[in-house]
Structures are given as structure tokens and as C-alpha cells.
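Look at TrEMBL and you will find A:49-236 tagged as domain 'Dihydroorotase catalytic'. As annotated by TrEMBL, Zn(2+) 1 binding site applies to A:H60, A:H62, A:D152, A:D306. TrEMBL lists A:H62, A:F63, A:R64, A:N94, A:N279, A:H310 with the feature substrate binding site. Here TrEMBL flags A:D152, A:H179, A:H232 as Zn(2+) 2 binding site. Summarising the annotation, TrEMBL assigns active site to A:D306.
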Amino acid sequence: MILLQNTRIASENSPVLVEGDVLIVEGVIQQIGPGLAVPEGARVIDARGRILMPAMFDAHVHFRAPGFENKETITTGSEAAINGGVTGVVMMPNTRPAIDSSAVVSTVLESAKRKSRIPVYTSGCVTKDREGKELAEIDGMRLLGVTMLTDDGDTTGDPAVLLRAMQYATEFGMFFASHCEVPELAGPRAINEGVMSYRLGIKGSPACAEEIIIDRDIRLARAAGAHVHIQHVSSKMGMETIKWWKSRGDVKVTAEVAPHHLLFTEEHIGDYDTNYKMNPPLRTQADCDALLEGLKEGVFDLIATDHAPHTPFEKAQDFISAPNGITGLETALVSLYHFFVRPEKFGWDLVVKRYSAEPRRLMGLPVPTIEVGQPAECLLFDTEAETTFTKEFMKSKSQNTPFINQTLQGRVDVVILGTEILLEREATVAVG
Amino acid sequence: MARKDLLDIASLQREEIELLLDQSTAFKQLLTSSGKKVPVLEGKSVLMLFYEPSTRTHSSFEVAAKRLSAEVTNFNVAHSSITKGESVRETIETLQAMRTDYIIVRHGRSGLPGMIARLTKASVINAGDGAHEHPTQALLDAFTIKEKFADPRGKRVLIIGDILHSRVARSTSTLLQKLGVEVAYLGPGSLVPKYGPATIRRFTNYDEAMAWGPDFVYLLRVQMERQDVQFFPSLREYHRIYGITNTRLEDIRQRGLYIMHPGPVNRGVELCDAVMDYERSLINNQAENGIAVRMAVLNWLTPGGDLPKREPAYASRSGAAPALVMP
Ligand SMILES: [Zn+2]
């Protein structure tokens, strides 16, 4: 039994926070109301000043296993998730070997069961070894629960191959997540083509490299009657392309945006800072502004971090040599609060809807809510406390984030999943 | 203000540039009058780290360092532009033991000299990094222009060629603009990015560019090795559209324009043979001035001190991402 006293409850349906106590018995929310009696033997958490909300779900993470365990493992990745208030993730399949067969899927899921305290789901490749040539073992993966197919890290280059995959797999209720980039236009450098690529003398990737594939893949999905999910959109025109297709209503499209694309621009790269090197690249303030509008309007169904760990050694190279990607699981919720909720750019309801509810709906999973009779899957967020993202604070094996050693307002204090308290930042629990 | 490194022109103050150009004048006088060594860097060591072959820049730096009585070491690196940041780091960590005072580095990767500067207390001079910067080239160009016009403010320089890949274009245009010189670019649309600085005019037509009224025509070297990706159909066509042909040279002579080129020249591509005998060609002056300018740079930098730290761009904005006001 866990009793949360004097909390304020956030939900996806209302910007208003509801005050009250919440009693959790055997992992299920049993009572909500003001001044609940303290049952004997209950663990009491005084949640005064803190906000209770459903725990987050990240539909786009790289846990690097198998093959790159020096960057991240399922254990460190899932602990990082908990540290950030996330209780479920979907891994991307660009591992070594790539997650493209029932054999690899079952290995990964087996090890996730043993090594993670939260549910870890995996997507599967569209094509064998992500090479864009032969179809991966699609139905074999589906039988193990895979629903999302993606060659993330790259676009499935040959549209004929992707179309065939869509025609085939839609039959089994699977959907496609698209990393959108024409490689011939983008080059390998992960910087926006523009003022900064000129100034730094690095070949840039124009926004049209992304926009072409967004449009292409939605058209393919329409032709195949498939559901396509557009990953980590970075450009204004990309957002507008999705918006236009959604307004037509004759193709199933969902889309995600990452916090870093809302927060940072190419200017932040400054003096070749590799913590700002990611793919798709950071673009301009106009793009950031448009993405924020897209998020508020619902063009983006969900927020996902594209958590992409790399070792300090790899990121300490020159900009061109360094790998793409930044970690996001531990900083996402706090940064969303600090930069958007606190200055009232949007409310907690949007955070809960876009980072907790919608990603689970995308994956066909039950959506936790703070309601009587629902399983407990929630977190307490302290809006008055601060978080400093030191190396010691981070649970991820890698700390390649612009927020390293920075302090932001807000803190994830407690994370509860069923009967377990997965995270308890300070000893706030007493026994009643 | 003492500086440890010279990595780019962009971060130089106008006063620093003026100082360097004045000192270059002094070193040039010294060179031409005596041709002797000066003991300015006696007991100091200079390490040459050239990952890209360049006889011209390499020997210019070497002569400059020796004239200042420094001890020059050439680190033998594979002449490969694909040598990655990882192995360069290892090299630098090994070289720390050598206690070198100056490192002169050229590399095909943009930003790599800056990375080295953060790893070592030695003064690092960028001798060209990718398509980023080539600061001493810019200084010698400005010096050469100032030999013709002591006050170059309001003069016009037309830079012709592959702007997209040219560190010379970036550094020289930045420096000249800091001195009040007007700069314009001319080249094929595929090689003159439209998102370059708004302060630089952009032409794709030769006659329109000449009508702008330049005082100097600065030809960039066409990078033959880049022809695996086609930015223009053929060298012949390039010469016809953007090169200084015999006819165009006659026009330039009549207008009294100066011609510059960082070298080495591709004859028959950027320019016809006759340009080499043109009385207002400054190509040889540029090469000669390179030594004096590089002496001034070596003399100016101060090795040692704290390693330059990179302030996260995020932090420098007082904790807020751009346009997001901190509550
Ligand atoms: Zn991706």
C-alpha cells in the first residue's frame, strides 16, 4: 500500500490540476480524494507541492544492444529511462546484428526481461540488416510482439522495397516508422545546410532531404493502405507536409518530434560542439517555432527523444568524425517543464498526452491514468526543485547531451510501477 | 590581449588584425634589408603537422619559423585527408611529451585545429582546415592589398570560383570585410552557396560582376580532385564562363584591375598563361608576403596558459535556449 498525500494530479484531458490524496493498493489505484485516512502499514509519501501524473513512454530510443554495449546496455538505458520518469520504451533496431529476425528479437526481449525494471519493446527492421534490399523476417517478428517496422538510422532507400513491405505487413496489423532523409542530398555530416554549414565549412544536409522522404513515405503508405509514423521531424516544411496529408484524411499518418528539435538551433553548434550533432540536424529558429506550433496543434502525435548514447571518446573527436545523436531520456521531462510548461507555452495536459498516452496508443498498449481502478504507473514531479545533470546524476552509460552539467528547474522525484517504487529521489517515505 | 592560438579570422578583433599587419610590415622590411635570422623564437620549438600535402604553405611556415630562430620539426603524417579525429587525438597526446611550443596544423577536416588547441598548451596555428578557414592566407592577402592601397576601405574585391569548398574565400572575405573592403563572390551556382553571408554580394554572371566595379579580381584554385562530384560540366566550360581568358585579360588591363590567386595556379582553367606576365598580377607578391605575415603571427602568439574551454552554447545563453525566455 502506498498513500500519496496532498498531491496535484495531471491528466491528458484537462489543463487543470486536481488536488487530492491517492491510495495505491497492490499496484492498483484504489482511492482518490482529499484527506484519505492512512491505512495501517501503508507507505506514506508527502507529495505536497508535487505533481502526480502518468509515467512517460518513449517510442524512440537506442539502447545499443546487441553490439554496442560500450555506449549503452538495456540495463543502463532502462535505468536512465526511470531516472527521467519513463516506464516504457521502444528500441530502434540499428544494432549489430540488426534486429531483423525472430531470433534477434527473442534474444533482445529475453534479455530485456532479465535486465530491465520497466517494459522494453523493440521495433524490427523493414529490411534485412537495414540494407534496403530484402525484406526482414516480418511475420516471425510479429509473432514475438513486434508491431513497428523501421530501418531507423537510415531511410529505406528503394521505394519499391518499402511499398512491398507496406503491402505485405499491413495485413498483419504492423505499421512503419520512417527516418526521413535522402542520403544523396544529406551527405554524412548531420548539420543543417545553411548559415552554419557555410560558416563552419561542412557540407550541410538541406531540409528538403527530409521533406522529400516524408512526402514519399506518406504517398507510399497511402498507396498501400498502410499506417506510417514519421520519426523525429526537424523542419517547418516537414511539419507542414504532414499537416497537409493529415488534413486530407485518406491515409493514416502519425508523427513525432524530439525535445532537442524544439529547443536548439544550428547556431548552438557554435564552435563545432559535437553535443549538438544529431540526425536529422538542428535547423533554424523558424523551424523550432513551427515544430512547437505543430506539437500544440496535434500535427505531432507524440514526443520521443531519439535517445542516442555515444561514448565521450567518440564525441570528443572533430565534428565530422563524431557520431550523430544525443541522449534524451533523462533530460526530456525536466526540459519540457523548464522551457515550455513553466513559461506557459503549453500545459501539463499536453505533456501527458504527447509523451505518455499517445506513444502507448501508437504501440497498442493500455494507457495509464490516475483514476480509481487503474494500474499504478505514475510519477511525482517537483516543480520547485532543480535538477543538475551531472555525470553522477545520469544513469545512462553515455552523457552526450547539451544539458551536461547544466541545471534546469523541475525534478522527477518518485516513479511508481505497479507495486514497486522504481525511483525515490529522497527518503520521503514513511510508514503509517 | 595575449592569444594562445590562431584558429580563424572570424574571432579576431580589428585591432588585432591591424597590429598583425603592422608587424608584418616590420618583418618584411627586416627580411628584405638583411635577409638574416632574428632570435625572437630562439630555444622554442615549432611542430609542423600537415595532414594534407601543401608545398607552398608548408615551406612558407617553415622559412618563417627558421628566420625567427625556432627549431622546426616535421611530424611525419600520412598524406591522407581522411585521417580521422580519433587518430589525431592520439597523435597529440603522444606529442605532449615533446613539449612543443607551436603546432602548425593543416587538415582536411573542418574544426580539427580547434580540437587540437583544446588538447594542448602549445600555440596552435590553423594552416587550413577543410572548407573552414585559412587565417594566414587571409592575412597575407590583406597585407598584399594594403601594399597597393594603404587604406583599403571602400575598395572592392571580386572572389571568383569554388566558394563552397574554399577556406581561402571564407577567411579572406571575412578579414577584408573587417578592414572595410567590399567583397563579392562569382562562380557557378553549384559552388556559390546562396546562404552565405548577406554582406557579400553573389554573382553567377561574369559581366554583371565586372560591372560591379571591382579593384581586385581574386581567382580561387579549382580543386581538380573534387571532380568526382560534378559541380560543373567540364574544365573547358569553367574556363570559358568564369576564367580569365585572353580577351578578358585585355579588358582587365584596360580597367587597371589587380589579379590575385592563392596558388598553385591551374593554367588554362582559372586563368590563361598571359596573366602570369600581367604587370598587375600580385600572385608572386602574395607568396613572398606569406613569410613575413607568418613570422608576425608566430611572434604574436603566446604559448602556455590555460587550455581554451568550450562554453556550452546552451550555457552562454544564460540558461535559456534561444527565444525561450527564462521564467
Ligand atoms: Zn532516426
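Every residue, even glycine, has its Cβ placed from backbone N, Cα and C.
Since this is a predicted model, take the numbers as computed values, not measurements.
When the Cα atoms are compared, A:F63 (substrate binding site) and A:D306 (Zn(2+) 1 binding site) turn out to be 10 Å apart. Checking each of the binding-site residues (A:N94, A:N279, A:D306) against A:H232 (Zn(2+) 2 binding site), the C-alpha distance stays within 10 Å for A:N279, A:D306.
Comparing the binding-site residues A:D152, A:D306 by how many other C-beta atoms lie within 10 angstroms of each C-beta, the top residue is A:D306. Ranked by Cβ neighbours within 10 A across all protein chains shown, the binding-site residues A:H60, A:H179, A:H232 are led by A:H60. Under 6 Å, Cβ to nearest atom of ligand 1: this is the test, and of the binding-site residues A:H60, A:H62, A:F63, A:R64, A:H310 it is passed by none. Here the candidates are the binding-site residues A:H62, A:H179, A:D306. The one whose C-alpha lies nearest to that of A:N94 (substrate binding site) is A:H62.
Each residue contributes its Cα atom, and for A:H179 (Zn(2+) 2 binding site) and A:D152 (Zn(2+) 1 binding site) these two points are 5 Å apart. With a 10 A radius on its CB, A:H310 (substrate binding site) counts 27 other CB atoms from all the protein chains.
Other C-beta atoms found within 10 angstroms of the C-beta of A:N279 (substrate binding site) number 22, with every protein chain shown included. Other Cβ atoms within 10 Å of the Cβ of A:F63 (substrate binding site), summed over all protein chains shown, number 32. Within the model, the domain 'Dihydroorotase catalytic' (A:49-236) shows a mean pLDDT value of 97, rounded to a whole number. Close to the recorded Zn(2+) 2 site, the chain also has A:H60, A:M92, A:T150, A:G153, A:A177, A:S178, A:C180, A:Q231, A:P280, A:D306: residues not among A:D152, A:H179, A:H232 whose Cβ is within 8 Å of the site's Cβ mean position. Separation of the C-alpha atoms of A:H310 (substrate binding site) and A:D152 (Zn(2+) 1 binding site): 17 Å, rounded to the nearest whole number. The 10 Å shell around the Cβ of A:R64 (substrate binding site) contains 26 further Cβ atoms across the protein chains shown.
Within the same chain, residues at least six positions away from A:H62 (Zn(2+) 1 binding site) with a Cβ under 8 Å of its Cβ are A:E72, A:M91, A:M92, A:N94, A:D306, A:H307, A:A308, A:P309, A:G325.
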